[in-house]
Amino acid sequence: MRSGVSLLFLFVARSCWCAPQQTCHPGDEFLGRCSNNVYEEKPKCTELNLGYCNDLEYSSTIFPNILGHRSRVDAESGAEYLLLSVIHGLLNGECSPEIRLVGCSVLASPCKDDKMIRPCRSTCEALRKDCAHAFEAIQMAWPYFLDCDRFFASDQEGCFDPLAGLKARQELAMSSLSPEEPSTIIQFTYTSNAQMYSLLKRTAAKCSHISHVYSIGRSTEGRDLLVIEFTNNPGQHELLEPEIKLVGNMHGNEVLGRQLLIYLAQYLCSEYILGNQRIQTIINTTRIHLLASMNPDGYELAAAEVEDSNDPELTNHEGHLLNGWTNGRGNAQNIDLNRNFPDLTSVFYRNRRSRHYRIDHIPIPDGYWFGKVAPETYAVMKWIRSLPFVQSASLHGGELVVSYPFDFSRHPQEERILSPTPDEKVFKQLARIYADAHATMSNNDTERCGASFYRTRGIINGAQWYSFAGGMSDFNYLHTNCLEITVELGCDKFPSEAELYPEWKRNKEALLSFLESVHRGIKGVVKDVDGVGIKGATISVKWIRKDITTAEDGDYWRLLNPGTYILTATAKGYSKVPVEPDIDDHLFPTVDTWDRFDPYHQFERYGEPDVAEEGIERQEKPWWWNYFSQSGVSPPHWLLRNV
């Protein structure tokens, strides 16, 4: 055996006697750094002629390339070139043209003096950080030929930044903007659910010092209800810092609000980094929560309908107009989410004349849970109850007006009758703030969508417009401290893509003004004699029959118009004045009854918080979890294996 090996070695050695020694390691040859074929012509710079990469900042390249392709034909027939040609479509336009430019710098690296200049590793690493979410959204691994350690060089080795030209053009475009124009660049296109999730996560990653994403639950079909938060201390409630929420896409086919909130998230992040003092003040003093899509399942239905209506083979090409007023409005169960909340307004009307009846923090009737509660509704109710929201807006489409509670008429036979809350003046002012800051909403000469609001300059009491029960705004007002308005953004529920930028310009100032308005009124902290904040203390304003309660640390915010008010603060167990019992005391909602939420645990599978990948809080537990947790009996191991 040994002699055979020796003979073979001698044979090989003698057959190669005249050739120089092998100096190129296999790995270097694969990377195109050298070749073991001594008779092969030495590589030289050649004209760059690679169809999908002909717009690069340089005109010459060299073969073999980094990937080992020995010619232009080899490169164009490789899987890497094919992937680059379709990556724009796969990622729905995200990370374009950056991914293509960096990929081309690997397939066809620049050449100088017959030597290859490899792309910079730092550029690759930055791109991967920015675009990882886009690949995760389509469940695709990061392309192997963009391996930053393997195919890219360090700055010390002398590398080439394939994105330098693109960055220079972007900086030039930024410098050419006038001071009145925004310096933030936003792509005004529609986003799929996957794109929306990816974009919000990327925005939060870019501004991790002021932003955070979390999920409040899942839709019927399992899609995340993803919220992006902005504050100077993400993930934490700060004493005396008011919390505000904006909710979009409650009706799946009313999509403009969804897009505006996605743009707003990008704008807040970018402008904060750029030093915009107004944006920095808003974020540093306010905790902002943006739920861009409350109904992602409905959006899928509506978007598919629009896509079909743009099919060139169809005879009618109305596009977005074909979406109509119903396709995708409800969730996947065909439930209208804005009719699915507990009807607390009827409870209020039945008991409003009782002297001691509180109209705030009205508990959810047990009978509500015997109906059909959508998982989206359930998730939002838990969210509303879990944070001390002060103010809110729900963005809709179909009209151009701001409406405010009550949405359900105080007279069962009169569907269109003014039905004011005790905070009628405050609500009107909140509606005015948005409508007046909007480019056209309060103008008398603005074309409307059928209804006429010229006398009220773009605002109206909800029930006076049309009455309905089970709405989210009435629930916010009667169950919590939060005052919510409904913003109807325009006649077209699914406007064409060309209208997205004009709509952003019309609504941007209104959105920012509304965020700033949460600081109207008064705020404070209720403490005991030891200086400890009291949770659940009641703040009452004389002559306004709507109380609010303090948050976890005793802080509170009471929205009020300018004026002089008399306030009192009371807390159970702290009153020194005896209170005589009243015949109506049984109507006074107690903390215990308000805390009854999903008392029969029918919907808890939508709700228990859990931590999933990427630190996003999820709300999922199996249906049997509460049974065992309340009974004190340990669940069997075969059940626990599935948790």
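Cβ atoms are placed via backbone N, Cα and C, with glycine included.
Among the features that TrEMBL reports, signal peptide is placed at 1-18.
Helix first, then strand, then coil: DSSP counts for the domain 'FZ' (40-162) stand at 54 helix, 13 strand, 56 coil. Per TrEMBL, the feature domain 'FZ' maps to 40-162.
Every protein chain considered, the tally of other Cβ atoms within 10 Å of the Cβ of Cys148 (disulfide bond) stands at 18. Annotation source TrEMBL lists disulfide bond at Cys124-Cys148.
Positions annotated as domain 'Peptidase M14' by TrEMBL: 189-518.
Per TrEMBL, the feature active site, proton donor/acceptor maps to Glu488. Of all Cβ atoms in the shown protein chains, 26 besides its own fall within 10 Å of the Cβ of Glu488 (active site, proton donor/acceptor).
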Run through the Cβ atoms and count how many others sit within 10 Å of the one on Cys124 (disulfide bond). 24
